[in-house]
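Noted in TrEMBL for the protein shown:
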type	residues	note
TRANSMEM	A:6-33	transmembrane segment
DOMAIN	A:7-420	domain 'TRAP C4-dicarboxylate transport system permease DctM subunit'
TRANSMEM	A:54-74	transmembrane segment
TRANSMEM	A:94-122	transmembrane segment
TRANSMEM	A:134-161	transmembrane segment
TRANSMEM	A:167-191	transmembrane segment
TRANSMEM	A:219-238	transmembrane segment
TRANSMEM	A:244-260	transmembrane segment
TRANSMEM	A:272-296	transmembrane segment
TRANSMEM	A:308-330	transmembrane segment
TRANSMEM	A:337-356	transmembrane segment
TRANSMEM	A:362-384	transmembrane segment
TRANSMEM	A:405-425	transmembrane segment
Amino acid sequence: MEMLIALVILIVTLIIGIPIPFVFLATVIYLIFSLGYDPSFLIPYGFSKLNNMVLLAIPLFIMAGGMMSLGGIGRRIVDFTEMIVGKTKGGMGVVTIIACAIFGAMSGSAAAALNSIGAIMFPRLEKSGYSKGFAASLIISSSVLGLLIPPSAIMILYAWIGNQSVLASFLATLGPGIILMILLSIINTIYMKDKDINIQQNNDNPELLSTSKKRTSMLAIPGLLMPFIVLGGIYSGAMTPTEAAAVAVVYSIPIGFWFYKELNRKRLYQSFVEAATTTGVLMVMLFGIMLLSRIIIMENIPDTLMKFLLSITENTLLLMLLINLFLIVIGMLMDDVSAVLLATPLLLPIVVNLGIDPIHFAAIIGVNLGMGLLTPPTAPLLYLGGRMSKAPINTMMGPTMLMILFAWLPTLIITTFIPEVALFLPRLLLGL
Amino acid sequence: MVKGRFNLKTLVKVQKGIMIISSILILIGLFLSVCLRYVFKIDLFGIEELLLIPIFLLYFIGAAQGSYEKSHITADILESYVKSGKIKAWNRLVTSVVVLIVCLIITFWNSQYIFWSFNNGGNTSGYQIPLFIPHGTVLIGFILMSFYSLIDFFRQISMVKDEMKKGKE
Amino acid sequence: SSSEGASGEKEKAGDTIDIRLSGQSPDDHPSTQALYKFAKQVKEKTEGRINVKVYPANQLGDYTTVYKEIGRGTLDMALISLPGELDDRLRLNFVPYLVKDYKDIDSVIGTDSYVFNKLQEVNNEQGVQLLGFHANGFGGIGTTKEMTNLLDLGEDKGLLLRVPPDDVFRQPMVDIGFRTVTIPYADLYTSLQTGAADGWSGGEASLNYLGYRDVIKYYYQTNDFFNADALIINKSLLDGLNEEDRKLIEELSKEMMAESIETSESYDKEYMEKLKEEGITVVEFSEEEVNKLAEYVRENTWPKLKERLGDDIIDELLKE
Ligand code: NA
Ligand code: NA
């Protein structure tokens, strides 16, 4: 009973617009009082959970992404990708997808990819004959690659809550990310097929005409090296993810100052403050969810939920569909971070019980919550993309729906029912 | 009023300073430990303990800054479907009250724990850093968050008053 | 009716009591299995009046916070490592080569021993009662690389060993000749996998098998630590129980301890076999060789631990 009221409190406070960390904390406070717990155990439990070096990787990856962004790497990546694949029909769409993936390999979130690549790609896509709505939809779908291509803040959180290997969780979403890239490219090609566009338009880009190929490549190199430093450092075992993130920040500072010459001391400090603020907001949320999940464990909620699910059906395939449905709903109501924090402690024990590999589930959660960033009512990427591109949201709904139906849902189904998509790389590289 | 604003600005400046210094200390610490490991084959013993205080400062002063900037993540579903300015203003007032109450309760629980921790809390195992220091930064963070939500609460009251006046005109 | 476990009030006849018992080992670890058995027996013998719910695998937090919670009474019982972070003297049973072989276990850490009574004294100061230990077995060194000069004491082993950030664990390894790295336990698996550490010390064969069989290639049974988790209970909860219930819990705890001491040797053997079946090279040492290691560490390392544990404790141990 108390749990049902708690669920109502959670949903109501969420809907009226209470900031999500305080949604979690308000629910905790209700449960503490209604179940008669002594609150004194919760605070130190929360502290001890936050005291974990893996979490520190999150602010550092945010900083690294911010530093590269301020240093102007986004534009260099786009120029470089355009130079290689841009001169075909519909090539600009593919440039968008690939540029987001490359930027995704050096930053940890979808918003970072949207901020860095989106702003540059909107005008270029429009000039190449894309409608505003389609361009904006393609960019927001592609920017989720920032989450699916490692490193990924969501996967760090998943690994942290579920006691899983960060390295394996990172690799789990890479396969689905590649499938998504392919499906988005196909949709893009079909869309452009009907358009009568002169390919030569691409060459109007003054940037590309004035700078030689050599120079474009040279300018992109320091940025393109970053994924090798970060991912190479992690997967060779030279560094922990946290150390690799710190090295990435330290690497990006001189690049931004002296190579791209777009970073200065004021911007540097600004990016420290921004990363710290983003992280601080996240940490209060983690603190709240930790307290909540401690009560969830003590009250045996995963057991209860499991029994409930099994009373509906004992078919594993159907149960996985139900769990996906549940994740889609959570994804509609919450942003990716809040959702992974809430869903992992609830669902991981259940899927493990069903015989699903936790690393496979990492991929399922990653794809679901990535898609959740595009599905209203809570759709941060949709709104942010709309604002940045000045495309009215209603013009984005159609193409976004199209991409959800023909790119996202197929990716989700493949990821759910073919475990190898998620597990192939972790097995190959980590011998799991 | 002018003096009050000045103090708030100073407070925010101090917060930013703490975040910048913590970031730099963390970066130096981690970078140094990687370098020492590969160049000099030395383990920087218990680096995570040494960084504990800057890490917690970064997290919870950052959280306070988030409250000041109102950048805590919201789902905001109601806001996007309700058109009436009056309902919006009242809803924001209710929201700010809930946030304030939650902040105050968590701050209270936190302070209870810190007092207890001060007397019985223990130290980190390597460098014997008393744990109430890093944990105290969380309390500071929540005190600041309570403070900012109080300010927001007063702001929302005056917003509701404005909306009610508009209705009468 | 149900009462909150650790309220500290006197138990009334007919009340049912819920006890939350926190464990730190994985579900299939012998010590967690022992906890399930303990819970089942308590329930049977009290005809369901006392209901012990086991939360394994650090679900309710790591040993430090769980210990604090037992002291404050927000959790009731636990089977955990005692946290030296709270009181240096709680490290007492982690002194390297404290127990030399299976014969000595009961005399060194049994309920009549100096170690047990000293620890009981310290635990009581924190509001915690020590009920007994669950003996897990002798610790060894699991590595990803081969090591040939382990017994050349003091000579560099060319191996980077993960140790807990604590002198009691680190110092003996440094003295034997390892380079050490203090990676948090949570990151141990990843760091072995990626090579950020070449090995780790302190875990018994079963823990090496259950947690790290996929990453280690060698296991050296050095017997450096005798691993035993402490079964503890909130003191006022225990004192508040009626005579009969208290005796029952104390009896069952002693049974659990005695059984674990009896089985620890066979468990060590069983899991060393399992490690071998996984293709891991298991290196065992003769009694003479283990003695050589023990003597070296007692001579070189123990005096350095005086600062942490206090002169009187180390002197007392050296006397024995
Ligand atoms: Na990424
Ligand atoms: Na959504």
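Cβ coordinates come from backbone N, Cα and C, glycine included.
Source: prediction; values computed, not measured.
For the domain 'TRAP C4-dicarboxylate transport system permease DctM subunit' (A:7-420), the mean pLDDT of the prediction comes to 89.
Three or more CB pairs closer than 8 A are found between the transmembrane segment (A:94-122) and the transmembrane segment (A:167-191), so contact between the two stretches is assigned (pairs 6 or more residues apart). The stretches the transmembrane segment (A:219-238) and the transmembrane segment (A:54-74) meet in space: the count of Cβ pairs below 8 angstroms, excluding pairs fewer than 6 apart in sequence, reaches at least three. Residues 90, 93-94, 97-98, 101, 104, 134, 138, 141-142, 144-145, 147-152, 155-156, 158-159, 234-235, 241, 359-360, 362-363, 366-367, 402-403, 406-408, 410-411, 414-415, 421-426, 429-430, 432 of the same chain lie 6 or more positions beyond the ends of the transmembrane segment (A:167-191) yet place their CB under 8 Å from a CB of it.
Residues 110-111, 114, 140-141, 143-144, 147-148, 152, 154-155, 158-159, 162, 164, 168-169, 172-173, 175-176, 180, 320, 323-324, 327-328, 330-336, 339-340, 343-344, 347, 393, 396, 400, 403-404, 408, 411-412, 415-416, 421-422 of the same chain lie 6 or more positions beyond the ends of the transmembrane segment (A:362-384) yet place their CB under 8 Å from a CB of it. Note on the transmembrane segment (A:54-74): residues 99, 103, 106-109, 112, 115-117, 119-120, 151, 153, 156-157, 159-160, 166, 222-223, 226, 230, 240-242, 244-246, 248-249, 252-253, 255-256, 259-260, 262-263, 267-268, 270-272, 274-276, 278-279, 282-283, 286 of its chain, located 6 or more positions outside it, place their CB under 8 angstroms from a CB of the stretch.
Through the fold, the transmembrane segment (A:6-33) approaches residues 39, 42, 281, 284-285, 287-289, 291-292, 295, 333-335, 338, 341-342 of its own chain, all at least 6 residues removed from its boundaries and within a Cβ separation under 8 Å.
Tertiary neighbourhood of the transmembrane segment (A:405-425): same-chain residues 141, 171-176, 179-180, 183-184, 187, 317, 320-321, 324, 356-357, 359-360, 362-364, 367-368, 371, 374, 432, selected by CB-CB distance under 8 Å and a gap of 6+ residues from either end.
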